[in-house]
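These notes are about the structure you will find just below.
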Ligand SMILES: Nc1nc(=O)c2c([nH]1)NC[C@@H]1CN(c3ccc(C(=O)N[C@@H](CCC(=O)O)C(=O)O)cc3)CN21
Ligand SMILES: O=c1ccn([C@H]2C[C@H](O)[C@@H](COP(=O)(O)O)O2)c(=O)[nH]1
């Protein structure tokens, strides 16, 4: 994935150091990055310059699709990525809305599937999109957003990849995803997989052809304790050919995703990669 490595190099060459109060760590930062993935050709953007755990990334996204609000449910599905933010994030631990161990509060999937209306009802943003796309409808607002400032204090973290906007041109489905904040060594590995996966699976369950996924990032950063591994190890490696993502064709509906799907329904074909790198994680 040359575009990924180019972004890493750009941060190193042109980045500005920015203090981050929430994590207490400085970040080398650039503003604005545009990535794009050819989902139709199944060019799966799985990072090859280190071992990348794509199942964890897909599990996280399926957790959002299911509206999970608990790190234990994410673990059962196959990812530990929410453990730290649910259980070690100081501000959240001191928040009176936290319902105990593993609770994440009203983040991501809760907003996607049960956005609270002022009248006490709720909105299922994802189901509306699936229903429309299946009928061939693009109302120019096929948008699922996790970004609900009115409920930030009810959750452990503000969403980073916050909005997904689908577009239908003929029978080809495209996706534009927006990310406000991006931990390039750790988070972006996962986010690239997730943007690709979301378009691929939505095309599959709505009976459309997958087109292009556009991934728009605002603040792209490398934390100071990740920098030497990026510079001295990952950027010295040559990228290898991209693999393919194989999704079980039996997955045919939103209900399938909500009920029986497990990580065994996803495989990569032709994934060659360099050794794993363990990047520090900022809580
Ligand atoms: N600082 C920070 N960076 C992030 O990328 C991030 C957050 N916080 N908080 C919320 C979620 C959680 N995400 C995470 C959390 C952990 C890994 C991680 O540890 N990845 C390892 C191994 C993962 C595995 O074994 O499954 C990696 O090497 O990629 C990645 C993304 C992405 N997000
Ligand atoms: O999907 C994700 C989720 C989180 N991140 C990163 C981006 C930042 O480094 C932190 C979140 O911190 P904020 O202070 O809320 O911006 O997590 C990511 O890259 N991808």
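We count from 1, first residue shown onward.
Every residue gets a Cβ built from N, Cα and C, even glycine.
What TrEMBL says about this protein:
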{"type": "DOMAIN", "residues": "3-283", "note": "domain 'Thymidylate synthase/dCMP hydroxymethylase'"}
{"type": "BINDING", "residues": "22, 180, 181, 182, 183, 191, 221, 222, 223", "note": "dUMP binding site"}
{"type": "ACT_SITE", "residues": "160", "note": "active site, nucleophile"}
{"type": "BINDING", "residues": "183, 282", "note": "(6R)-5,10-methylene-5,6,7,8-tetrahydrofolate binding site"}
Recorded dUMP binding residues, 22, 180, 181, 182, 183, 191, 221, 222, 223 - maximal Cα separation rounded to whole Å: 21
Binding-site residues close to ligand 2 - of 22, 181, 183, 223, only those whose C-beta is under 6 Å away: 22, 181, 183
Confidence summary (mean pLDDT) of the domain 'Thymidylate synthase/dCMP hydroxymethylase' (3-283): 97
Cβ neighbour count within 10 Å of residue 282 ((6R)-5,10-methylene-5,6,7,8-tetrahydrofolate binding site): 18
Distance [Cα-Cα, Å, rounded] between residue 22 (dUMP binding site) and residue 282 ((6R)-5,10-methylene-5,6,7,8-tetrahydrofolate binding site): 9
Tertiary neighbours of residue 160 (active site, nucleophile) (same chain, Cβ under 8 Å, six or more apart): 179, 180, 181, 182, 187, 191
Distance [Cα-Cα, Å, rounded] between residue 221 (dUMP binding site) and residue 282 ((6R)-5,10-methylene-5,6,7,8-tetrahydrofolate binding site): 12
Fewest Cβ neighbours within 10 Å, where candidates are the binding-site residues 22, 221: 22
Per DSSP, three-state class assigned to residue 22 (dUMP binding site): coil
